[in-house]
Amino acid sequence: MYTSHEDIGYDFEDDPKDKKTLKPHPNIDSGWAWMVVLSSFFVHILIMGSQMALGVLNVEWLEEFHQSRGLTAWVSSLSMGITLIVGPFIGLFINTCGCRRTAIIGGLVNSLGWVLSAYAANVHYLFITFGVTAGFGSGMAYLPAVVMVGRYFQKRRALAQGLSTTGTGFGTFLMTVLLKYLCAEYGWRNAMFIQGAVSLNLCVCGALMRPLSPGKDRNDAGGKDPQVVLAPSPGSKSSGPPGGAEENCAGPGNKEQPGGDLPAQAGPEKAERTQNLCALRVLKTASQLTVRVRRGFRDWYSGYFGTASLFTNRMFVAFIFWALFAYSSFVIPFIHLPEIVNLYHLSEQNDVFPLTSIIAIVHIFAKVILGIVADLPCISVWNVFLMANFTLVLSIFILPLMHTYAGLAVICALIGFSSGYFSLMPVVTEDLVGIEHLANAYGIIICANGISALLGPPFAGWIYDITEKYDFSFYICGLLYMVGILFLLIQPCIQMIEQSRKKYMDGAHV
(Lines of atoms letter the chains of each structure in order from A; the text may use other names.)
(Lines give C-alpha, C1' and ligand atoms only; values in the text may rest on other atoms or scores of the structure.)
Protein backbone atom coordinates (compact mmCIF):
# COMPACT_ATOMS: atom_id res chain seq x y z
CA MET A 1 0.00 0.00 0.00
CA TYR A 2 3.03 2.25 0.40
CA THR A 3 5.19 0.70 -2.29
CA SER A 4 6.68 2.56 -5.22
CA HIS A 5 8.01 1.07 -8.45
CA GLU A 6 11.44 2.52 -7.83
CA ASP A 7 11.83 0.86 -4.45
CA ILE A 8 10.71 -2.60 -5.51
CA GLY A 9 13.22 -2.57 -8.34
CA TYR A 10 11.38 -1.67 -11.52
CA ASP A 11 12.75 0.68 -14.15
CA PHE A 12 10.87 2.83 -16.65
CA GLU A 13 11.93 2.52 -20.28
CA ASP A 14 10.88 4.57 -23.28
CA ASP A 15 9.09 2.72 -26.07
CA PRO A 16 8.70 3.94 -29.65
CA LYS A 17 5.42 5.62 -28.80
CA ASP A 18 7.01 7.70 -26.00
CA LYS A 19 5.07 5.79 -23.37
CA LYS A 20 6.45 4.51 -20.08
CA THR A 21 6.65 0.74 -19.89
CA LEU A 22 7.45 -1.14 -16.73
CA LYS A 23 10.23 -3.71 -16.83
CA PRO A 24 11.80 -5.67 -13.96
CA HIS A 25 15.26 -4.65 -12.83
CA PRO A 26 17.81 -7.29 -13.92
CA ASN A 27 19.32 -7.53 -10.43
CA ILE A 28 16.03 -8.20 -8.64
CA ASP A 29 16.02 -11.80 -7.32
CA SER A 30 19.19 -12.55 -9.31
CA GLY A 31 22.64 -11.28 -10.23
CA TRP A 32 24.13 -8.86 -7.72
CA ALA A 33 21.24 -9.56 -5.34
CA TRP A 34 23.05 -12.69 -4.13
CA MET A 35 26.20 -10.66 -3.44
CA VAL A 36 24.06 -8.43 -1.25
CA VAL A 37 22.84 -11.55 0.57
CA LEU A 38 26.47 -12.63 1.06
CA SER A 39 27.37 -9.19 2.40
CA SER A 40 24.42 -9.25 4.81
CA PHE A 41 25.41 -12.77 5.88
CA PHE A 42 28.87 -11.63 6.99
CA VAL A 43 27.41 -8.55 8.69
CA HIS A 44 25.26 -10.88 10.81
CA ILE A 45 28.31 -13.01 11.61
CA LEU A 46 30.40 -10.04 12.73
CA ILE A 47 27.68 -8.15 14.62
CA MET A 48 24.91 -10.40 15.87
CA GLY A 49 27.17 -13.45 16.16
CA SER A 50 29.67 -11.52 18.28
CA GLN A 51 26.95 -10.16 20.52
CA MET A 52 25.43 -13.58 21.07
CA ALA A 53 28.88 -14.82 22.16
CA LEU A 54 29.31 -12.11 24.80
CA GLY A 55 28.54 -14.63 27.53
CA VAL A 56 32.20 -15.67 27.25
CA LEU A 57 33.40 -12.13 27.94
CA ASN A 58 30.75 -11.67 30.63
CA VAL A 59 32.40 -14.41 32.71
CA GLU A 60 35.81 -12.74 32.22
CA TRP A 61 34.44 -9.36 33.32
CA LEU A 62 32.91 -10.88 36.46
CA GLU A 63 36.30 -12.28 37.46
CA GLU A 64 38.21 -9.14 36.50
CA PHE A 65 36.12 -6.37 38.06
CA HIS A 66 34.34 -8.27 40.89
CA GLN A 67 31.03 -6.48 40.33
CA SER A 68 27.50 -7.84 40.70
CA ARG A 69 25.98 -9.91 37.92
CA GLY A 70 23.28 -7.32 37.35
CA LEU A 71 25.77 -4.48 36.87
CA THR A 72 28.15 -6.51 34.70
CA ALA A 73 25.31 -7.71 32.48
CA TRP A 74 24.65 -4.08 31.56
CA VAL A 75 27.75 -4.10 29.34
CA SER A 76 26.37 -6.81 27.05
CA SER A 77 22.86 -5.40 27.29
CA LEU A 78 23.98 -1.91 26.28
CA SER A 79 25.81 -3.25 23.26
CA MET A 80 22.86 -5.35 22.10
CA GLY A 81 20.28 -2.77 23.05
CA ILE A 82 21.93 0.26 21.44
CA THR A 83 22.59 -1.74 18.25
CA LEU A 84 18.84 -2.05 17.89
CA ILE A 85 17.57 1.07 19.68
CA VAL A 86 19.37 3.42 17.29
CA GLY A 87 17.42 1.89 14.40
CA PRO A 88 15.10 4.90 13.85
CA PHE A 89 18.06 7.28 13.78
CA ILE A 90 20.02 5.01 11.43
CA GLY A 91 16.99 5.26 9.14
CA LEU A 92 17.79 8.98 8.86
CA PHE A 93 21.38 8.14 7.87
CA ILE A 94 20.11 5.70 5.23
CA ASN A 95 17.68 8.26 3.78
CA THR A 96 20.49 10.83 3.63
CA CYS A 97 23.70 8.94 2.85
CA GLY A 98 22.50 5.60 1.53
CA CYS A 99 23.05 2.10 2.86
CA ARG A 100 26.61 1.70 1.57
CA ARG A 101 28.13 4.76 3.28
CA THR A 102 26.18 4.13 6.47
CA ALA A 103 27.46 0.55 6.74
CA ILE A 104 31.09 1.53 6.08
CA ILE A 105 31.04 4.24 8.74
CA GLY A 106 29.39 1.79 11.12
CA GLY A 107 32.20 -0.72 10.60
CA LEU A 108 34.81 1.89 11.54
CA VAL A 109 32.92 2.97 14.68
CA ASN A 110 32.31 -0.64 15.78
CA SER A 111 35.99 -1.51 15.41
CA LEU A 112 36.95 1.56 17.42
CA GLY A 113 34.64 0.49 20.25
CA TRP A 114 36.22 -2.99 20.48
CA VAL A 115 39.75 -1.57 20.51
CA LEU A 116 39.02 1.07 23.16
CA SER A 117 37.35 -1.56 25.36
CA ALA A 118 40.63 -3.48 25.54
CA TYR A 119 41.95 -0.72 27.82
CA ALA A 120 38.98 -0.73 30.23
CA ALA A 121 39.85 -0.08 33.88
CA ASN A 122 36.36 -0.80 35.22
CA VAL A 123 32.88 -1.82 34.19
CA HIS A 124 31.69 1.77 33.82
CA TYR A 125 34.40 2.39 31.21
CA LEU A 126 33.00 -0.55 29.22
CA PHE A 127 29.56 1.07 29.33
CA ILE A 128 30.89 3.89 27.12
CA THR A 129 33.41 2.15 24.89
CA PHE A 130 31.74 -1.20 24.30
CA GLY A 131 28.10 -0.56 25.16
CA VAL A 132 27.65 2.82 23.46
CA THR A 133 30.45 3.14 20.89
CA ALA A 134 30.59 -0.44 19.58
CA GLY A 135 26.81 -0.71 19.88
CA PHE A 136 26.19 2.42 17.80
CA GLY A 137 28.62 1.23 15.13
CA SER A 138 26.89 -2.14 15.05
CA GLY A 139 23.54 -0.45 14.52
CA MET A 140 24.89 1.59 11.61
CA ALA A 141 26.06 -1.58 9.84
CA TYR A 142 23.18 -3.88 10.80
CA LEU A 143 20.11 -2.00 9.54
CA PRO A 144 21.50 -1.35 6.03
CA ALA A 145 22.29 -5.06 5.70
CA VAL A 146 18.64 -5.95 6.32
CA VAL A 147 17.18 -3.14 4.21
CA MET A 148 19.36 -3.87 1.16
CA VAL A 149 18.24 -7.51 1.04
CA GLY A 150 14.63 -6.33 1.10
CA ARG A 151 15.28 -3.97 -1.81
CA TYR A 152 16.97 -6.60 -3.97
CA PHE A 153 14.37 -9.35 -3.54
CA GLN A 154 10.69 -9.54 -4.37
CA LYS A 155 9.67 -13.16 -5.06
CA ARG A 156 12.05 -14.91 -2.64
CA ARG A 157 12.14 -12.40 0.17
CA ALA A 158 11.77 -14.86 3.05
CA LEU A 159 14.42 -17.21 1.67
CA ALA A 160 16.88 -14.36 1.04
CA GLN A 161 16.37 -12.93 4.52
CA GLY A 162 16.65 -16.42 5.96
CA LEU A 163 19.96 -17.09 4.21
CA SER A 164 21.43 -13.74 5.21
CA THR A 165 20.35 -13.94 8.85
CA THR A 166 21.80 -17.44 9.23
CA GLY A 167 24.98 -15.47 9.76
CA THR A 168 23.76 -14.93 13.32
CA GLY A 169 23.85 -18.68 13.97
CA PHE A 170 27.17 -19.22 12.21
CA GLY A 171 28.58 -16.18 13.98
CA THR A 172 27.40 -17.34 17.40
CA PHE A 173 29.06 -20.70 16.90
CA LEU A 174 32.28 -19.31 15.42
CA MET A 175 32.62 -16.29 17.71
CA THR A 176 32.00 -18.37 20.84
CA VAL A 177 34.84 -20.68 19.88
CA LEU A 178 37.06 -17.80 18.75
CA LEU A 179 36.55 -15.68 21.88
CA LYS A 180 37.12 -18.69 24.15
CA TYR A 181 40.38 -19.46 22.35
CA LEU A 182 41.55 -15.84 22.32
CA CYS A 183 40.71 -15.32 26.00
CA ALA A 184 42.52 -18.53 26.98
CA GLU A 185 45.62 -17.80 24.89
CA TYR A 186 45.96 -14.01 25.06
CA GLY A 187 43.58 -12.79 27.79
CA TRP A 188 40.30 -10.97 27.31
CA ARG A 189 41.91 -7.59 26.64
CA ASN A 190 43.98 -8.78 23.71
CA ALA A 191 40.99 -10.81 22.54
CA MET A 192 38.92 -7.62 22.25
CA PHE A 193 41.77 -5.87 20.44
CA ILE A 194 41.95 -8.69 17.88
CA GLN A 195 38.17 -8.71 17.53
CA GLY A 196 38.32 -4.99 16.76
CA ALA A 197 40.61 -5.72 13.83
CA VAL A 198 38.27 -8.47 12.61
CA SER A 199 35.34 -6.03 12.77
CA LEU A 200 36.93 -3.86 10.09
CA ASN A 201 35.60 -6.40 7.60
CA LEU A 202 32.25 -4.68 8.08
CA CYS A 203 33.60 -1.93 5.82
CA VAL A 204 34.15 -4.50 3.08
CA CYS A 205 30.61 -5.78 3.56
CA GLY A 206 29.29 -2.23 3.29
CA ALA A 207 31.18 -1.67 0.04
CA LEU A 208 29.31 -4.63 -1.49
CA MET A 209 25.93 -2.97 -0.80
CA ARG A 210 25.69 -1.44 -4.26
CA PRO A 211 22.47 0.56 -4.69
CA LEU A 212 20.10 -0.42 -7.45
CA SER A 213 20.89 1.51 -10.62
CA PRO A 214 18.27 4.12 -11.58
CA GLY A 215 16.18 3.90 -14.71
CA LYS A 216 17.22 5.23 -18.09
CA ASP A 217 14.88 8.20 -17.93
CA ARG A 218 16.47 9.38 -14.75
CA ASN A 219 19.91 9.19 -16.30
CA ASP A 220 18.86 10.96 -19.45
CA ALA A 221 16.62 13.65 -18.05
CA GLY A 222 18.12 14.51 -14.74
CA GLY A 223 20.85 12.05 -14.01
CA LYS A 224 23.67 14.13 -15.46
CA ASP A 225 24.87 17.26 -13.80
CA PRO A 226 24.39 20.41 -15.82
CA GLN A 227 27.52 21.95 -17.23
CA VAL A 228 28.60 25.06 -15.40
CA VAL A 229 29.57 27.96 -17.65
CA LEU A 230 31.92 30.36 -15.99
CA ALA A 231 31.62 34.04 -16.58
CA PRO A 232 34.72 35.40 -18.28
CA SER A 233 37.17 36.88 -15.89
CA PRO A 234 38.36 40.44 -16.36
CA GLY A 235 40.75 40.68 -19.26
CA SER A 236 39.75 37.30 -20.66
CA LYS A 237 38.86 37.07 -24.35
CA SER A 238 37.42 33.60 -24.17
CA SER A 239 33.72 33.04 -23.49
CA GLY A 240 33.71 29.26 -23.98
CA PRO A 241 32.92 26.66 -21.35
CA PRO A 242 35.46 26.11 -18.56
CA GLY A 243 36.32 22.64 -19.76
CA GLY A 244 37.62 24.10 -23.01
CA ALA A 245 39.34 27.17 -21.64
CA GLU A 246 42.81 25.77 -22.03
CA GLU A 247 42.12 24.38 -25.49
CA ASN A 248 40.73 27.71 -26.67
CA CYS A 249 43.76 29.51 -25.38
CA ALA A 250 46.16 27.20 -27.17
CA GLY A 251 43.97 26.36 -30.18
CA PRO A 252 44.90 27.10 -33.76
CA GLY A 253 42.30 29.83 -34.01
CA ASN A 254 44.09 31.96 -31.45
CA LYS A 255 46.95 34.04 -32.80
CA GLU A 256 49.65 35.43 -30.59
CA GLN A 257 49.56 39.15 -30.12
CA PRO A 258 52.58 41.10 -31.20
CA GLY A 259 55.03 41.73 -28.46
CA GLY A 260 54.52 38.37 -26.70
CA ASP A 261 52.13 39.74 -24.00
CA LEU A 262 49.71 36.76 -24.26
CA PRO A 263 51.95 34.15 -22.61
CA ALA A 264 52.52 36.51 -19.72
CA GLN A 265 48.77 37.07 -19.25
CA ALA A 266 47.78 33.41 -19.71
CA GLY A 267 49.32 32.29 -16.41
CA PRO A 268 47.30 34.58 -14.05
CA GLU A 269 44.12 34.09 -16.09
CA LYS A 270 44.46 30.31 -16.01
CA ALA A 271 45.06 30.33 -12.24
CA GLU A 272 42.03 32.56 -11.71
CA ARG A 273 39.84 30.28 -13.83
CA THR A 274 41.03 27.27 -11.84
CA GLN A 275 40.22 29.02 -8.57
CA ASN A 276 36.76 29.95 -9.82
CA LEU A 277 36.13 26.39 -10.99
CA CYS A 278 37.21 24.93 -7.64
CA ALA A 279 35.00 27.39 -5.77
CA LEU A 280 32.02 26.49 -7.93
CA ARG A 281 32.64 22.79 -7.39
CA VAL A 282 32.75 23.30 -3.62
CA LEU A 283 29.54 25.32 -3.71
CA LYS A 284 27.87 22.75 -5.92
CA THR A 285 28.91 19.88 -3.62
CA ALA A 286 27.70 21.76 -0.56
CA SER A 287 24.40 22.54 -2.28
CA GLN A 288 23.87 18.91 -3.30
CA LEU A 289 24.72 17.72 0.21
CA THR A 290 22.30 20.22 1.74
CA VAL A 291 19.51 19.13 -0.62
CA ARG A 292 20.21 15.46 0.12
CA VAL A 293 20.15 16.01 3.90
CA ARG A 294 16.94 18.04 3.72
CA ARG A 295 15.26 15.44 1.50
CA GLY A 296 16.40 12.58 3.74
CA PHE A 297 15.21 14.33 6.88
CA ARG A 298 11.86 15.16 5.24
CA ASP A 299 11.31 11.53 4.24
CA TRP A 300 12.39 10.34 7.68
CA TYR A 301 10.18 12.84 9.51
CA SER A 302 7.10 12.23 7.35
CA GLY A 303 7.44 8.48 7.89
CA TYR A 304 7.20 8.90 11.65
CA PHE A 305 5.15 12.03 12.22
CA GLY A 306 3.59 13.08 8.90
CA THR A 307 0.14 12.39 7.49
CA ALA A 308 1.37 8.98 6.26
CA SER A 309 2.88 8.19 9.66
CA LEU A 310 3.63 4.56 10.39
CA PHE A 311 1.91 4.96 13.74
CA THR A 312 -1.47 5.35 12.03
CA ASN A 313 -1.18 1.66 11.08
CA ARG A 314 -2.70 -0.04 14.13
CA MET A 315 -1.43 -3.49 13.22
CA PHE A 316 2.08 -2.07 13.01
CA VAL A 317 1.65 -0.51 16.46
CA ALA A 318 0.64 -3.93 17.80
CA PHE A 319 3.76 -5.36 16.17
CA ILE A 320 5.87 -2.79 18.04
CA PHE A 321 4.22 -3.77 21.33
CA TRP A 322 5.09 -7.42 20.65
CA ALA A 323 8.71 -6.51 19.85
CA LEU A 324 9.08 -4.79 23.23
CA PHE A 325 8.87 -8.15 25.03
CA ALA A 326 10.04 -10.67 22.44
CA TYR A 327 13.78 -10.23 22.17
CA SER A 328 14.68 -10.53 25.85
CA SER A 329 13.40 -14.11 25.93
CA PHE A 330 15.98 -14.97 23.29
CA VAL A 331 18.86 -12.88 24.63
CA ILE A 332 18.73 -13.92 28.29
CA PRO A 333 19.69 -17.56 27.63
CA PHE A 334 22.71 -16.48 25.57
CA ILE A 335 24.00 -14.10 28.24
CA HIS A 336 23.34 -16.22 31.31
CA LEU A 337 23.58 -19.83 30.07
CA PRO A 338 27.35 -20.04 30.77
CA GLU A 339 26.66 -18.97 34.36
CA ILE A 340 23.65 -21.33 34.66
CA VAL A 341 25.82 -24.22 33.50
CA ASN A 342 28.33 -23.41 36.26
CA LEU A 343 25.56 -23.32 38.87
CA TYR A 344 24.34 -26.76 37.79
CA HIS A 345 27.92 -28.14 37.78
CA LEU A 346 27.73 -29.04 34.10
CA SER A 347 30.84 -27.16 33.00
CA GLU A 348 32.71 -30.24 31.77
CA GLN A 349 29.89 -31.36 29.49
CA ASN A 350 29.29 -27.79 28.31
CA ASP A 351 32.97 -27.37 27.43
CA VAL A 352 32.72 -30.36 25.10
CA PHE A 353 29.74 -28.90 23.26
CA PRO A 354 28.43 -25.52 24.55
CA LEU A 355 24.68 -25.09 24.86
CA THR A 356 24.89 -21.73 23.10
CA SER A 357 26.45 -23.53 20.13
CA ILE A 358 23.47 -25.88 20.03
CA ILE A 359 21.15 -22.89 19.79
CA ALA A 360 23.35 -21.37 17.10
CA ILE A 361 23.56 -24.48 14.91
CA VAL A 362 19.83 -25.23 15.03
CA HIS A 363 19.17 -21.52 14.51
CA ILE A 364 21.04 -21.67 11.20
CA PHE A 365 18.89 -24.43 9.71
CA ALA A 366 15.69 -23.01 11.22
CA LYS A 367 16.02 -19.70 9.40
CA VAL A 368 16.47 -21.37 6.04
CA ILE A 369 13.67 -23.90 6.64
CA LEU A 370 11.21 -21.29 7.89
CA GLY A 371 12.15 -19.01 5.00
CA ILE A 372 11.47 -21.74 2.43
CA VAL A 373 8.18 -22.69 4.11
CA ALA A 374 7.03 -19.05 4.34
CA ASP A 375 7.70 -18.53 0.62
CA LEU A 376 5.33 -21.35 -0.34
CA PRO A 377 2.23 -19.88 -2.04
CA CYS A 378 -0.16 -21.99 0.04
CA ILE A 379 1.25 -20.90 3.43
CA SER A 380 0.89 -17.55 5.16
CA VAL A 381 4.02 -15.88 6.48
CA TRP A 382 2.05 -14.70 9.50
CA ASN A 383 1.02 -18.25 10.45
CA VAL A 384 4.62 -19.47 10.35
CA PHE A 385 5.71 -16.42 12.32
CA LEU A 386 3.11 -16.93 15.08
CA MET A 387 3.69 -20.68 15.42
CA ALA A 388 7.40 -20.09 15.92
CA ASN A 389 6.66 -17.48 18.57
CA PHE A 390 4.41 -19.84 20.52
CA THR A 391 7.10 -22.54 20.42
CA LEU A 392 9.71 -20.11 21.76
CA VAL A 393 7.45 -19.04 24.64
CA LEU A 394 6.86 -22.66 25.59
CA SER A 395 10.62 -23.34 25.55
CA ILE A 396 11.29 -20.37 27.83
CA PHE A 397 8.77 -21.66 30.39
CA ILE A 398 10.26 -25.18 30.33
CA LEU A 399 13.93 -24.14 30.52
CA PRO A 400 14.07 -23.54 34.32
CA LEU A 401 12.69 -27.05 34.92
CA MET A 402 15.70 -28.71 33.27
CA HIS A 403 18.75 -29.41 35.45
CA THR A 404 20.59 -31.95 33.31
CA TYR A 405 22.75 -31.33 30.27
CA ALA A 406 20.56 -33.52 28.05
CA GLY A 407 17.39 -31.70 29.10
CA LEU A 408 18.98 -28.28 28.62
CA ALA A 409 20.31 -29.37 25.22
CA VAL A 410 16.81 -30.34 24.03
CA ILE A 411 15.32 -27.02 25.17
CA CYS A 412 18.20 -25.09 23.62
CA ALA A 413 17.52 -26.88 20.33
CA LEU A 414 13.85 -25.81 20.56
CA ILE A 415 14.91 -22.24 21.31
CA GLY A 416 17.27 -22.27 18.34
CA PHE A 417 14.62 -23.59 15.94
CA SER A 418 11.74 -21.40 17.08
CA SER A 419 13.91 -18.27 17.10
CA GLY A 420 14.35 -18.79 13.36
CA TYR A 421 11.35 -16.48 12.99
CA PHE A 422 13.82 -13.57 13.12
CA SER A 423 14.38 -14.09 9.39
CA LEU A 424 10.66 -13.46 8.84
CA MET A 425 10.56 -10.15 10.73
CA PRO A 426 11.65 -7.97 7.76
CA VAL A 427 9.14 -9.81 5.53
CA VAL A 428 6.30 -9.31 8.00
CA THR A 429 7.28 -5.66 8.43
CA GLU A 430 7.32 -5.13 4.68
CA ASP A 431 3.89 -6.71 4.36
CA LEU A 432 2.58 -4.26 6.94
CA VAL A 433 4.03 -1.00 5.62
CA GLY A 434 5.46 -1.63 2.13
CA ILE A 435 9.03 -1.59 0.84
CA GLU A 436 9.10 2.21 0.64
CA HIS A 437 8.86 2.51 4.43
CA LEU A 438 10.85 -0.62 5.29
CA ALA A 439 13.94 1.23 6.54
CA ASN A 440 11.98 3.46 8.94
CA ALA A 441 9.54 0.72 10.00
CA TYR A 442 12.15 -1.94 10.62
CA GLY A 443 14.21 0.64 12.47
CA ILE A 444 11.30 1.07 14.90
CA ILE A 445 10.88 -2.70 15.31
CA ILE A 446 14.53 -3.33 16.09
CA CYS A 447 14.44 -0.30 18.40
CA ALA A 448 11.69 -2.03 20.39
CA ASN A 449 13.76 -5.23 20.33
CA GLY A 450 16.71 -3.21 21.56
CA ILE A 451 14.78 -1.94 24.57
CA SER A 452 13.89 -5.55 25.33
CA ALA A 453 17.52 -6.66 24.95
CA LEU A 454 18.71 -3.71 27.02
CA LEU A 455 16.50 -4.42 30.03
CA GLY A 456 16.22 -8.23 29.88
CA PRO A 457 19.70 -9.49 30.91
CA PRO A 458 20.20 -6.97 33.78
CA PHE A 459 16.71 -7.83 35.00
CA ALA A 460 17.64 -11.53 35.03
CA GLY A 461 20.87 -10.69 36.85
CA TRP A 462 19.04 -8.65 39.50
CA ILE A 463 16.52 -11.45 40.01
CA TYR A 464 19.43 -13.83 40.60
CA ASP A 465 21.06 -11.43 43.07
CA ILE A 466 17.79 -11.42 45.06
CA THR A 467 16.68 -15.06 44.77
CA GLU A 468 20.01 -16.76 43.89
CA LYS A 469 18.33 -18.51 40.94
CA TYR A 470 17.36 -17.60 37.38
CA ASP A 471 14.01 -19.39 37.36
CA PHE A 472 11.80 -16.39 38.11
CA SER A 473 13.46 -14.25 35.44
CA PHE A 474 12.57 -16.81 32.74
CA TYR A 475 8.98 -17.09 34.02
CA ILE A 476 8.42 -13.33 34.08
CA CYS A 477 9.98 -12.77 30.63
CA GLY A 478 7.96 -15.64 29.19
CA LEU A 479 4.76 -14.20 30.63
CA LEU A 480 5.42 -10.75 29.17
CA TYR A 481 6.30 -12.36 25.85
CA MET A 482 2.96 -14.19 25.85
CA VAL A 483 1.12 -10.93 26.49
CA GLY A 484 2.83 -9.41 23.44
CA ILE A 485 1.78 -12.33 21.23
CA LEU A 486 -1.82 -12.14 22.45
CA PHE A 487 -1.88 -8.42 21.72
CA LEU A 488 -0.66 -9.22 18.20
CA LEU A 489 -3.49 -11.72 17.78
CA ILE A 490 -6.22 -9.51 19.19
CA GLN A 491 -5.57 -6.57 16.86
CA PRO A 492 -6.77 -8.29 13.64
CA CYS A 493 -9.90 -9.40 15.46
CA ILE A 494 -10.58 -5.81 16.50
CA GLN A 495 -10.10 -4.65 12.91
CA MET A 496 -12.50 -7.31 11.64
CA ILE A 497 -15.12 -6.25 14.20
CA GLU A 498 -14.73 -2.60 13.23
CA GLN A 499 -15.05 -3.41 9.53
CA SER A 500 -18.17 -5.49 10.16
CA ARG A 501 -19.64 -2.68 12.24
CA LYS A 502 -18.86 -0.16 9.52
CA LYS A 503 -20.54 -2.33 6.87
CA TYR A 504 -23.58 -2.74 9.12
CA MET A 505 -23.82 1.01 9.70
CA ASP A 506 -23.48 1.72 5.97
CA GLY A 507 -26.24 -0.81 5.25
CA ALA A 508 -28.48 0.75 7.90
CA HIS A 509 -28.06 4.20 6.34
CA VAL A 510 -28.95 2.84 2.91
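Cβ from N, Cα, C; glycine included.
TrEMBL entries are annotated by machine, without manual review.
Features as listed in TrEMBL:
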- 36-496: domain 'Major facilitator superfamily (MFS) profile' (DOMAIN)
- 216-268: region 'Disordered' (REGION)
- 32-54: transmembrane segment (TRANSMEM)
- 74-95: transmembrane segment (TRANSMEM)
- 102-121: transmembrane segment (TRANSMEM)
- 127-147: transmembrane segment (TRANSMEM)
- 159-179: transmembrane segment (TRANSMEM)
- 191-209: transmembrane segment (TRANSMEM)
- 315-335: transmembrane segment (TRANSMEM)
- 355-374: transmembrane segment (TRANSMEM)
- 381-399: transmembrane segment (TRANSMEM)
- 405-428: transmembrane segment (TRANSMEM)
- 440-460: transmembrane segment (TRANSMEM)
- 472-494: transmembrane segment (TRANSMEM)
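A contact between the transmembrane segment (472-494) and the transmembrane segment (315-335) is present, since 3 or more of their C-beta pairs, 6 or more residues apart, lie under 8 Å. By the Cβ criterion (under 8 Å, sequence separation of 6 or more), the transmembrane segment (381-399) is not in contact with the transmembrane segment (159-179), since fewer than 3 such pairs are found.
Between the transmembrane segment (405-428) and the transmembrane segment (191-209), the number of CB pairs under 8 angstroms, six or more residues apart, is fewer than three, so the stretches are not in contact. Using the rule of three or more Cβ pairs under 8 Å, pairs at least 6 apart in sequence, the transmembrane segment (315-335) is in contact with the transmembrane segment (440-460).
Three or more CB pairs closer than 8 A are found between the transmembrane segment (102-121) and the transmembrane segment (191-209), so contact between the two stretches is assigned (pairs 6 or more residues apart). Tertiary neighbourhood of the transmembrane segment (159-179): same-chain residues 33, 37, 40-50, 52-53, 55-57, 145-146, 149-150, 152-153, 191, 195, 334, 354, 356-357, 359-364, 367-372, 375, 416, 420, 422-424, 426-427, selected by CB-CB distance under 8 Å and a gap of 6+ residues from either end. As a whole-number mean, the pLDDT of the domain 'Major facilitator superfamily (MFS) profile' (36-496) in this prediction is 79.
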